[in-house]
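Q: Sharing the features that TrEMBL gives for it:
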DOMAIN    2-28  domain 'V(D)J recombination-activating protein 1 DNA-binding'
DOMAIN    29-101  domain 'V(D)J recombination-activating protein 1 pre-RNase H'
DOMAIN    105-237  domain 'V(D)J recombination-activating protein 1 RNase H'
DOMAIN    239-301  domain 'V(D)J recombination-activating protein 1 ZnC2'
DOMAIN    303-465  domain 'V(D)J recombination-activating protein 1 ZnH2'
DOMAIN    473-507  domain 'V(D)J recombination-activating protein 1 C-terminal'
Amino acid sequence: GTSGRQIFQPLHTLRNAEKELLPGFHQFEWQPALKNVSSSWDVGIIDGLSGWTTFVEDVPADTISRRFRYDVALVSALKDLEEDIMEGLRERGLDDSVCTSGFTVVVKESCDGMGDVSEKHGNGPAVPEKAVRFSFTVMSISIRVEGEDDGITIFQEPKPNSELSCRPLCLMFVDESDHETLTAILGPVVAERKAMMESRLIVSVGGLLRSFRFFFRGTGYDEKMVREMEGLEASGSTYVCTLCDSTRAEASQNMVLHSITRSHDENLERYEIWRKNPFSETPDELRDRVKGVSAKPFMETLPTLDALHCDIGNATEFYKIFQDEIGEVYQRSNPSREERRRWRSTLDKQLRNKLKLKPVMRMNGNYARRLMTLEAVEVVCELVPSEERREALKKLMELYVQMKPVWRSTCPSRDCPDQLCRYSYNSQQFADLLSTTFKYRYDGKITNYLHKTLAHVPEIIERDGSIGAWASEGNESGNKLFRRFRKMNARQSKTFELEDVLKHHWL
């Protein structure tokens with residue numbers, strides 16, 4: 001290890017070895033050439049606003065953003081995996097001189113807003129400074145050989161959620177809720193991605209030119225971002241789900257039986273209906289027809305369940321149940337604010353004394369993981385007067401603990417096959433418990449993540465093979481790096497710092 005020595009040099013002292021690792025070093029071409037994308041390959045960091053030849057007033061001039069051109073970054077990522085690819089071919093007993101075409105690369109895309117990234121410099125006015133990062137991970141590479149129907153996988157990312165496999169493509173200082181600016185900056189990225197889907201990449205790997213095609217799966221988005229990209233109403237909407245058309249009331253009545261119906265193309269169609277109102281309906285009828293799609297879907301995502309926020313959402317929910325059970329809300333109507341506060345501090349005190357869990361302002365991943373354990377429920381039960389209610393709480397948590405590894409694990413069929421098999425049954429039990437014993441909380445309402453946890457997990461796993469692997473964790477860990485690089489390794493100037501962070505992060 002290095003002993004606190006700065007390993008990264010400032011940008012202008014980039015050594016040649018590093019130049020090879022950054023996008024823009026390796027030659028490649030597309031067949032057919034990409035539409036509306038320059039064919040030059042030696043392109044490094046570009047301004048995130050390049051590609052916008054629009055009027056000055058269309059784009060906020062003070063938006064700072066830096067990115068790589070998408071295809072250039074993908075080539076660099078592939079060249080990084082060159083040895084793994086060659087190794088994979090050898091392991092499968094394939095003659096690499098024959099395998100020059102038929103490669104398929106599956107790419108996971110993630111995009112996440114980072115709340116407050118302002119420099120922590122002590123006093124002065126608080127400047128809200130927000131950033132958004134868009135990144136991608138090469139998930140797998142396979143090849144189709146003559147005479148075979150199925151592709152043979154020659155590379156699979158072993159750690160799909162590590163910040164090491166998650167490559168930054170675009171960094172911007174934007175508030176993720178500023179839809180206009182966000183879409184303006186990601187516009188060119190979307191265009192490049194669309195162009196690449198209709199073309200093949202020709203690049204030298206292991207000394208021979210080979211051709212690759214790309215599939216992009218935008219699964220690394222939290223619900224807020226998915227709703228924004230896909231033109232859906234915000235997460236407080238009656239349309240509770242980004243995967244199905246259920247309303248909140250329906251979802252709380254029927255907790256388990258839903259199937260995935262939403263898709264990018266359907267959202268686009270619905271937006272057109274919303275815009276044109278062909279049947280001259282009232283706003284309410286129209287909204288019901290389009291199921292809450294009221295903006296133009298901007299980027300195709302593959303809606304899934306975001307494992308991290310799922311943990312957090314469900315833990316928040318359990319925390320509230322614990323609070324209500326301490327106050328025996330099931331046998332009384334609306335308690336006062338004071339009473340609720342009292343139960344809450346009782347709960348916090350108990351969790352702090354017995355589990356060393358400090359109360360947190362906003363639920364975070366670590367707190368959620370500690371709270372959602374049988375141990376925590378035992379501790380809470382000490383405060384619950386009725387034996388019957390204690391049993392119900394324990395049962396609830398037992399079921400949850402059974403369900404959780406299924407959407408957490410990178411490969412559930414390998415890591416927890418039994419829980420995977422029992423998932424639907426467990427979620428049914430869980431739902432029954434909520435709709436009877438805990439009816440006071442689920443009468444006509446249910447949280448978005450709880451609905452997804454109960455209704456959609458088996459289907460997503462059937463579709464993708466995993467939820468954990470496709471989640472946005474890698475991007476979330478990358479956020480930490482962003483903060484660190486920004487502090488340690490970037491020049492202190494708005495115009496340069498994103499370049500430096502982007503470069504360091506790539507390396």
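Cβ atoms are placed via backbone N, Cα and C, with glycine included.
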Q: Using DSSP, tally how many residues of the domain 'V(D)J recombination-activating protein 1 RNase H' (105-237) sit in helix, strand and coil.
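A: In the domain 'V(D)J recombination-activating protein 1 RNase H' (105-237), the DSSP-based counts are 26 helix, 55 strand, 52 coil.
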Q: For the domain 'V(D)J recombination-activating protein 1 RNase H' (105-237), what is the mean per-residue pLDDT, to the nearest integer?
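A: Its mean pLDDT is 85.
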Q: Quick one: DSSP breakdown of the domain 'V(D)J recombination-activating protein 1 ZnC2' (239-301) into helix, strand and coil?
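A: The composition, in the requested order, is 27 helix, 3 strand, 33 coil.
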